[in-house]
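Colleague: My structure is below; once you've seen it, I'll send some questions.
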């Protein structure tokens, strides 16, 4: 506001104030402090009502007087200079506070504007020469006072105002305060809401300065603390009936029962009255600051709606010395113009010279104030006393520094607004409520007291401190058992959903917000997901990791598993494998012992040894298959699996091919087929084996099998150690082995018509048919299963079944014959072949075939 505008407003209000007489509490002094505090209630259409706000209002007044007297009694402060005060009543309204501030402006204006009109009646309108002002109580009133007096460089120190707007030194350069600003208070309110789990709230704030900045700051903090603002309502200083009714209707939400108030007292009272009229007092729990936390006793019939409310006010402590001082004051000897009025209210009496009600008894000045049942000591006085101490300390430094030795009224010429303001900023002292110091914006950091307004009896109400919010440490300590809620809000102790847009999501759930609102529903994350971004998003854990089981907010690596030696299937396979290897060794020993027996020779003993080696490898490779995967084990399993089948079916193919060629050739000629000698057969078999070995060496060189961690099912916390076989190399080796088996099957089928006594081909046929069945069952199942454990079991079972069939069909019968048919071991061994007469070749063909089978 421009200076001319300020003076214009001053002119109008001054002319209006000429018609009203105000009571003034004055303590004469050489340096005067102006004080603006609320004493009377406000009545619409009038500057002030006739009723006192409560006993605490008069105690605040006397606290300033007490502090003034205490300073004057201290020889170390302002020696030779008496401090005085002029205390005016603003009736808790900004307009009246502005009118009272006019009394503290300099007598001579600093502008020619309105000089004649404004100041012509200065003899009728009292002006007080003050060095500084204490006040006001509410932020709106302080804004009015600071806006005017700042233009005249008069410092204003408020003991209770908290609006953040007052921290703007460009607008209010001469304003300071003893109460922490709203931005600190809002943090305390947010922590209070969070403490009770109230996440869905409404806000009511004053239009313009006070309340608006606090609401904006609350909106900024809301997302950080998980708060949802259901609605925000702005109220003017004198809201209409319709505005208040609409405000209550807007605030009425089944799930948003907590309402945060950043309003002045008049707006708060109007809102409470409307809530009471609509019978909704018990529906709301009010949480607030200035308008809710200071002097709730003057709410009148609206007190019922304030029951159970919580407010944060600047922390103060009881002052026992002041309590004793106040309780010893005599009503007829006190210079306080409101003391006798307070006395008559406390004792429900009237004074002889003020007989307005004949039904009331005459007041007895011999009584003590403590005898009244309505009396209670005011705690807030410590802040007022500290405010006077701050002024006295700063004034003392100004005079000592600029006018040392000056005394009496001469000290007034030494004190200017700029000088005093500079030393006020530098003040550091130990106050009654704690250490006092100011930041660069004239704000003080401190603590807040959480106050509960409650019903003391059926008709009486009281406020009680139930907790502390420390701005410096950001800690809230509160005693919930001391809080008395409204009877209709008792469920607040039973559930956090008392004022919540949705239930609190449990571990593993996220808040899924509805469109265009901050209400939510809880949605469960998948088993492999964690909650993040304040439980509003599900994040999938990386592969091979799983959510930690307690909070589900972080992922941790899954310990890899592998089939253990104590697994029942592994125990069975190991036993069968060892038995198979043992059987192979026993058979090998038998074959070596009877190496020259014609039965052994007749079965192509060289190929039998290769075949027996392949069967042994198949049994043995089971042991490495069930072992814990490592680089060596994986390479061994890869080679062993591929080569073991080749070691079996390369000699089998060679043998079935030999049988087929001998019998086919014997039907048309008596000449022996080529490459049927033992050496030829071994070379052929080794060549087939070498091809497989070469394939495996090439694959290992190109892509060595390695250990890998396999997570078969992403939705299960299972990671298995597995051997990563090169797919292409494994496919080539399997295709090669399948080809050997199929060709061997073909020759076994073709050789099915050989003479009955030559039954080796039938055993071979049984082997290859069984192998085909095993492979047809094994291959699809192996590649389709996802669990490494199942693959290990399948491979082990296939190896043992295949090797067992080969061992039983091709070797068990021969060992049996060697020990139970001695004729099989003598030199005159006879095949007893049935001679088949061929129409073309005659009997000589069978004889040639027989000779070829034995002699070679």
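These residue numbers are counts, starting from 1, taken along the chain as shown.
Glycine too: its Cβ is placed from the backbone N, Cα and C atoms.
Dumping what TrEMBL says about this protein:
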{"type": "DOMAIN", "residues": "569-824", "note": "domain 'G-protein coupled receptors family 3 profile'"}
{"type": "SIGNAL", "residues": "1-17", "note": "signal peptide"}
{"type": "TRANSMEM", "residues": "569-594", "note": "transmembrane segment"}
{"type": "TRANSMEM", "residues": "606-623", "note": "transmembrane segment"}
{"type": "TRANSMEM", "residues": "635-653", "note": "transmembrane segment"}
{"type": "TRANSMEM", "residues": "682-707", "note": "transmembrane segment"}
{"type": "TRANSMEM", "residues": "727-749", "note": "transmembrane segment"}
{"type": "TRANSMEM", "residues": "761-780", "note": "transmembrane segment"}
{"type": "TRANSMEM", "residues": "792-819", "note": "transmembrane segment"}
Colleague: Restricting to CB pairs under 8 Å, which listed stretch, 635-653, 682-707, 727-749, is in contact most with the transmembrane segment (761-780)?
Modeller: 727-749
Colleague: So which residues does the transmembrane segment (569-594) touch in its own chain, when a touch means Cβ under 8 Å and the partner is 6 or more beyond its ends?
Modeller: 563, 600, 605, 608-609, 612, 615-616, 618-620, 622-623, 626, 793, 796-797, 800, 803-804, 807, 811, 815, 818, 825
Colleague: Do we see three or more Cβ pairs under 8 Å linking the transmembrane segment (682-707) and the transmembrane segment (792-819), pairs being at least 6 apart in sequence?
Modeller: no
Colleague: For the transmembrane segment (606-623), could you work out the same-chain residues 6 or more beyond its ends whose Cβ comes under 8 Å from its Cβ atoms?
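Modeller: Cβ under 8 Å, 6 or more out: 573-574, 576-577, 580-581, 584-585, 587-588, 591, 600, 636-637, 640-641, 643-648, 650-652, 654-655, 678, 681-682, 685-686, 689, 796, 799-800, 802-803, 806-807, 810-811.
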